[in-house]
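*Asks:* Pasting the relevant annotations from TrEMBL:
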- 41-287: domain 'G-protein coupled receptors family 1 profile' (DOMAIN)
- 25-47: transmembrane segment (TRANSMEM)
- 59-78: transmembrane segment (TRANSMEM)
- 98-118: transmembrane segment (TRANSMEM)
- 130-151: transmembrane segment (TRANSMEM)
- 193-224: transmembrane segment (TRANSMEM)
- 236-258: transmembrane segment (TRANSMEM)
- 270-289: transmembrane segment (TRANSMEM)
Amino acid sequence: MDVANKSTMFEFVLLGLCNSWELQMFFFMVFSLFYVATMVGNSLIVITVIVDPHLHSPMYFLLTNLSIIDMSLASFATPKMITDYLTGHKTISFDGCLTQIFFLHLFTGTEIILLMAMSFDRYIAICKPLHYASIISPQVCVALVVASWIVGIMHSMSQVIFALTLPFCGPNEVDSFFCDLPVVFQLACVDTYVLGLFMISTSGIIALSCFIVLFHSYVIVLVTVKHHSSRGSSKALSTCTAHFIVVFLFFGPCIFIYMWPLSSFLTDKILSVFYTIFTPILNPIIYTLRNQEVKIAMRKLKNRFLNFNKAMPS
C-alpha cells in the first residue's frame, strides 16, 4: 500500500481549544458573535463601495477585495468549529483536512499580496501624487487583485502537495480546531526537523520578507507625510496608520507560527484564533471607524434603505 492510500484512510480528530464544556459553550457564543459580525461588517463594506460612486477609486476597490478575502478566511474553519461545539463531532476526514489547509493558505497568501498592493497604492498616492492616476489605473488594480489570487493558489497548492507526500501511520489527534501544516506534519511518521525547515522556508520566511517590505514602504510613506501639515496629509496619515495596524496584526501571528513550527501548542492555538477569527473583523472596524468617507457613504446607504422601506406599500 503506498503512502497516498495510507493517508486517505485516516480521519483526524480535532481536539479544539479546550476540554471544558463550560469553556466550549463560552467559545461557542463568542466565536458565533465574532463570525456574524465579521460577515455583516465586511459585507456592508463591499455593498457600500459598490453602491456609492464616490468610493469607486483604487483604494476602495482593493479594500473591497480585502473584505471578500477576510470573509473567506473567517469561513474556512470557524463554522465547523462552532457546529462541533454543539454536536460534539470533532472529527474531519483526510480530504477535509487537506481542504482546510488549501483554503487557509489560499486566503492568507492572497491577503499577503493584496496588503502589499494596498501599500503600493498608498505609496504612489502620497509619494508620487502627480503620477498616481497614470500608474494606479483600473487595469492595474484588476491586475494586482488577479496576481494576488494567482500567488495564493500557487502557494496553497505547494502546501497541499507537500501534505500529500506525508506518511501518517500513528496518532491522528490534531491539537487545534482546524488543520494546518504546523500541527498536522507533527503527526507524520518522518523526521519533523526536516519538515520544520520546509515550513520555515515556504511560509515563515516569505511572510517575514513581505512584512519587512511592507514595513519599509510604510516608513517611507509616514516620513513623507510628516513633512506636510495640510489637511490632506492628516487624512493620509490616518489611512496609512489604519493600513499598518491591519498589516501588523495579520502578519505577527503568521510569522510566529511559521517561523517556529515546533513552538508551544497553546501559543499556536491563541495565535491561530487571532488571525482566523479576530483579524477578519478588524478590517470593517478599522476602516469604517477611522474613515470619514466610508462612514458618510454608509449613512447615505442607510437613509436610502429607510426611504425605500417607507415608499413600499404596506
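Residue positions begin at 1 at the first shown residue.
Glycine is no exception: its Cβ is also placed from the backbone N, Cα and C atoms.
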*Asks:* Quick one: find which recorded stretch in 25-47, 130-151, 193-224, 270-289 has the most Cβ pairs under 8 Å with the transmembrane segment (236-258).
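*Replies:* The stretch I would name here is 193-224.
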*Asks:* Please report, as numbers and ranges, the same-chain residues at least 6 past the borders of the transmembrane segment (193-224) whose CB is under 8 Å from any CB of it.
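*Replies:* Same-chain contacts beyond the ends: 105, 112-113, 115-116, 119-120, 122-123, 126-127, 155, 158-159, 162, 166, 181-182, 185, 236-237, 240, 243-244, 247, 251, 254-255, 258-262.
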*Asks:* Are the transmembrane segment (59-78) and the transmembrane segment (130-151) near each other by the rule of at least 3 C-beta pairs under 8 angstroms (pairs 6 or more apart)?
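*Replies:* The answer is yes, given that the two segments have at least 3 Cβ pairs within the 8 Å cut-off.
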*Asks:* Across the domain 'G-protein coupled receptors family 1 profile' (41-287), what does the mean pLDDT come to, as a whole number?
*Replies:* 84
